[in-house]
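Worksheet for the structure shown next.
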Amino acid sequence: MTQVAKKILVTCALPYANGSIHLGHMLEHIQADIWVRYQRMRGHQIYFICADDAHGTPIMLKAQQLGIAPEEMINEMNLEHQTDFAGFGISYDNYHSTHSEENQQLSTLIYQRLKENGFIKSRTISQLFDPEKVMFLPDRFVKGSCPKCHSPDQYGDNCEVCGATYNPTDLINPKSAVSGTTPVMRESEHFFFDLPAFSEMMRAWTRSGALQEQVANKMQEWFESGLQEWDISRDAPYFGFEVPDAPGKYFYVWLDAPIGYMSAFQNLCQKRSDLRFDEFWDVDSKADLYHFIGKDIVYFHSLFWPAMLEGSHFRKPTNLFVHGYVTVNGAKMSKSRGTFIKASTYLAHLDAECLRYYYAAKLSSRIDDIDLNLEDFIQRVNADIVNKVVNLASRNAGFINKRFDGQLAATVADPALYATFVNAATSIGDAFSSRETSRAIREIMALADLANRYVDEQAPWVVAKQEGREADLQAICSMGIQLFRVLMTYLKPVLPSLAERAKAFLATPLDWDDLSAPLLSHRIRPFKALFSRIEAAQVDAVIEVSRLEAAAAGEPAAAPAGALAEAPIAPTINFDDFAKVDMRVALIKRAESVKGSDKLLKLTLDLGGTSRQVFSGIRAAYPDPQVLEGRLTIMVANLAPRKMRFGISEGMVMAAGPGGKDIFLLSPDAGALPGMPVK
């Protein structure tokens, strides 16, 4: 390889140890695994770690409900999580737990360094207390209306609607999530991390250009609203680590959870003689450190975590790689509808690599939500993996094995076509490296189309019947096998198990840097089925089992779908009428509330060379308009401008839903560009 080998440490967010892994979790772990596998293929020294987040009140309470010790519950869950990740081919070098000796030592060390450096303060606070359960209530065990946007049923630390952060005591009409009673105020001494002391450092880190633009924009918003001291302690009863020299006080789970990245790596270092902890975590480390996380935990990873590391003299992350949520069939995952799918349920019915491929085909470096459309899932996997890639090997291997004893031709039949495939390595590699996996998949499938077109045009099944054309037949089919090898090498980070089967069939490793040398006069092995089609019945079984599991757990039955009943299909129009509507992909460059209107947002849209101003009545659904900035949507571009009291509206954005808070802005798949027509 020509590039300089790097030392890289990669982590995924730590799954919480009180529940099973589901397909929402798997998006992140698959995204990270694809990136890690590509980096390994290019010769980088990369270590991939994770752990269970094993502390906190939820774990303590669930263990009580089960009648077992928290340690027993988290050990069982850790084994289940590791089994699920292994089933999806997630190639962790180490999977640990935050309830470990290493994590306690590191948490204590970091706390003591922060305290010695003057970044830990203590003061008496008024805290919500559940008089029925005789316990102070953590943030996530108090619910009420958000003090900023007044959205109901929000947790005590942050609002999932507007993104605001606050204290539990700020909630409107708070209730205990443990007992349902109204909590009372009690005083307690707590310890605080002086986050505001790191404001300038954090601003500089944000401006460095390393972070995703959407993350940097959100951090700037937090800076403008002012950083607050962070409560890092909790009162007994609590399952976690005790604060040194403070009996009855425990580290808040979000203090020791990210330290779990460090302790999981330290645990790996103890197992291997060739690794040094300081080489990756020392403040002057030259290694790269990347955290793959979901957008729901950006606040903790972009503010608290870097500041904690800075204040305790450890290195900060090189970057955060943030992704969006997973929806199923265009809606939030639902247990009652069977679309809240556990990893183990999926694996019992479907090949893990089908989901790996589908997620890869949709993922990008942006923080966009990914929709698992089950019909599209079946169609895309069957069309791409089975029909385009595997079928390329199948339709050529038979002739090579039967007519030429498995031996490929001594020359390449179409050197220009082979060069096209090999030269694509740079662009495809750049796409993998920059986490633009959807682009990588598009480029790989475009090559697969070229390969199949070549075979169709050369028609080896016809050549095989013509006397005296044995050499032509061998050359054509060998070319098909050569192109299959290149495709499978490119797909290896996404489909590692299929790549292993392809490697056995081809009798040669699939190495990125070896592609320029074709397999000449090489003997392949007899072809065996490499991949199976997805049948609709398999997907139906996953949904039904998931629905039954939810029912057994006491989840409410799904309400009948009523969208059509509430909004009947409009009268039929002819095609000419529809063709008059010019819909385009648009990038939301800016989103603002409209002073004097409680319904409208002002959107500045980029159509790829021109800007439009649109007023849209979606404010109730998006009370924090900045969450829309940087998002792609669909707009009607040729709608006549409309003069409104607040200005000129130059089009209309497309959304679904009955109105009010139930409005869902439409977004195209990753890969669409501003200005593209929607057909």
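Heads up, the Cβ atoms here are built off N, Cα and C, so glycines get one too.
Range annotated as motif ''KMSKS' region' by Swiss-Prot, chosen from 52-56, 332-336, 362-366: 332-336. Of the candidate ranges 15-25, 103-113, 224-234, 609-619, Swiss-Prot annotates residues 15-25 with the feature motif ''HIGH' region'.
Note on Lys335 (ATP binding site): other Cβ atoms within 10 Å of its Cβ, all shown chains, come to 19. Within the same chain, the residues at least 6 positions away from Cys159 (Zn(2+) binding site) whose Cβ sits under 8 Å from its Cβ are Cys146, Lys148, Cys149, Ser151, Thr165, Tyr166, listed in sequence order. Across the motif ''KMSKS' region' (332-336), DSSP assigns 0 helix, 1 strand, 4 coil. According to its DSSP assignment, Cys146 (Zn(2+) binding site) is coil. Apart from the site residues Cys146, Cys149, Cys159, Cys162, the chain places the Cβ of Pro147, Lys148, His150, Ser151, Gln154, Glu160, Val161, Gly163, Ala164, Pro623, Asp624 no farther than 8 Å from the centroid of the site's Cβ atoms, the recorded Zn(2+) location. Here the Cα atom of Lys335 (ATP binding site) is found 25 Å from that of Cys162 (Zn(2+) binding site). Cβ-based neighbour count (10 Å, all protein chains) for Cys162 (Zn(2+) binding site) stands at 18. Residue counts for the domain 'tRNA-binding' (577-679) under DSSP, helix first, then strand, then coil, are 7 helix, 46 strand, 50 coil.
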